[in-house]
Amino acid sequence: MNQQSLTVTGKERYRSGVMEYRKMGYWEPDYVPKDTDIIALFRITPQDGVDEIEAAAAVAGESSTATWTVVWTDRLTAAEKYRAKAYRVDPVPNAPGSFFAYIAYDLDLFEPGSIANLTASIIGNVFGFKPLKALRLEDMRLPTAYVKTFQGPATGIVVERERLNCFGRPLLGATVKPKLGLSGRNYGRVVYEALKGGLDFTKDDENINSQPFMHWRDRFLYCMEAVNKAQAATGEVKGTYLNVTAGTMEDMYERAEFAAELGSCIVMIDLVIGYTAIQSMAKWARRNDMILHLHRAGHSTYTRQRIHGVSFRVIAKWMRLAGIDHIHAGTVVGKLEGDPATTRGYYDICREDHNPQKLEHGIFFDQPWASLNKMMPVASGGIHAGQMHQLLDHLGEDVVLQFGGGTIGHPMGIQAGATANRVALEAMIMARNEGRDYLHEGPEILAKAAQSCSPLKAALETWGNVAFNYESTDAPDFAPVASVSM
Ligand SMILES: O=C(COP(=O)(O)O)[C@H](O)[C@H](O)COP(=O)(O)O
Ligand SMILES: [Mg+2]
């Protein structure tokens, strides 16, 4: 592999016509990234006959200053500085035809505090570029100087726990089911039963907005009545994520304001509303002392395949910058995609002050978070009480465990479903706190707790053996290798 600089200099560089990207200055193997540079790691799969260095240089070019031909107007700018620089290309181990390309971008290329601006460069035109068969954004290093231009999570894990008065255990939630079709009053009944039975939160599903069968105001009114009644009945702080996703920003603000007026401690949005709308809602949430929950609806359309799209670890980083408090981050054991090591990487991005490089979890760079609040990961999608030991082991304590079908589908009713989950969780936390090997003794711990809790007994009988054992499509297909330090 040619690791020499090929950049053409002097008068020749600006001769009109087409010049390879690597000759235009987008391939600089000697470049040492500055502390303030943004670094992107792409997995590139060039078309047959396109060499990897040219492909990497093209990605650097098309995601920064270049077009397909030489333009003399470059000379009116600090072009050497503004050009993104591909500085390292490694073959992906065990994946012939794929390469990791490291590209550094000067901080000046980006507007402070704007995910929209960042993404317009990094995942803009370049993903449709013909010389590439496929392109995947695997990871990014966001420098402190850039991180500090964002607000970060509106509330954060510490303050969320203080507001909820809940410490030392994962939070418990449930998604109201069926996803669509319930009237406001029946919907509120589901919320009340689930909260009264022992959950901390219930939530709207991603596609509940304001449909003919239940307009949003009805939902909010019945849900908050249920929250207030459940709080009075249990003496605990409860919440329900009111989904304020709507067709316009104005509608979302109107819904969020009504939620605040009714005393809700949390509102919810879907990833599909877009980065700018997400940032606006995060600012609103900070101004209004509101926890902001994000459902990642839509992400699998571009995060799931190893060779093309954007890794969810990058989306998680962008969302921490943008100001989300809760983010769906996978369950490992549930019904949706989730390789254990890769998922662990996502959770670390949400919850650590600083992420050290950890290739085995898909973390390619040291990532400082520069005092931005932490995001609470949410585990949701096909989980049930019988998996409590595995969930605690994989996901830790600062997480919302969210059982939709696994609460509402309980044979003895919704309250019983909630109680089964609360008892299973508390039994597991007690075992952990007593120093027991709860992962291996898990089934035994649950069986013992079920002896004095008939809802848990019924949950284990109904779902105890349900598992979703499929091969992951997003586990690394390469053995992690020690990387060269930058
Ligand atoms: O409705 C559910 C889960 O319902 P149930 O608990 O009945 O399966 C959520 O939309 C998924 O969590 C989304 O997936 P993810 O959290 O992975 O984004
Ligand atoms: Mg859902």
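In case you wondered, yes, glycine gets a Cβ from its N, Cα and C as well.
Keep in mind the model is a prediction, meaning the values are calculated, not measured.
Per TrEMBL, these features apply:
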BINDING   Asn125, Thr175, Lys179, Arg296, His328, Ser380  substrate binding site
DOMAIN    156-463  domain 'Ribulose bisphosphate carboxylase large subunit C-terminal'
ACT_SITE  Lys177  active site, proton acceptor
BINDING   Lys203, Asp205, Glu206  Mg(2+) binding site
MOD_RES   Lys203  N6-carboxylysine
ACT_SITE  His295  active site, proton acceptor
SITE      Lys335  site 'Transition state stabilizer'
Fewest other Cβ within 10 angstroms of its own Cβ, chosen from the recorded positions His328, Lys335: Lys335
Cα-nearest neighbour of Lys203 (Mg(2+) binding site) within the listed recorded positions, Asn125, Lys335, Ser380: Ser380
Among Asn125, His328, Lys335, Ser380, which are recorded as recorded positions, the nearest neighbour of Lys177 (active site, proton acceptor) by Cα: Ser380
Neighbourhood of Asp205 (Mg(2+) binding site) by C-beta distance under 8 A, where only residues 6 or more apart in the same chain count: Thr175, Val176, Lys177, Lys179, Leu180, Asn243, His295, Gly404
DSSP three-state assignment for Asp205 (Mg(2+) binding site): coil
Integer mean pLDDT for the domain 'Ribulose bisphosphate carboxylase large subunit C-terminal' (156-463): 97
Shell list (Mg(2+); ref centroid = CB of Lys203, Asp205, Glu206; cutoff 8 A): Thr175, Val176, Lys179, Asp204, Asn207, Ile208, Tyr241, Asn243, Met268, His295
Separation of alpha carbons, Lys335 (site 'Transition state stabilizer') and Asn125 (substrate binding site) (Å): 33
Rounded inter-Cα distance in Å - Glu206 (Mg(2+) binding site), Lys335 (site 'Transition state stabilizer'): 16
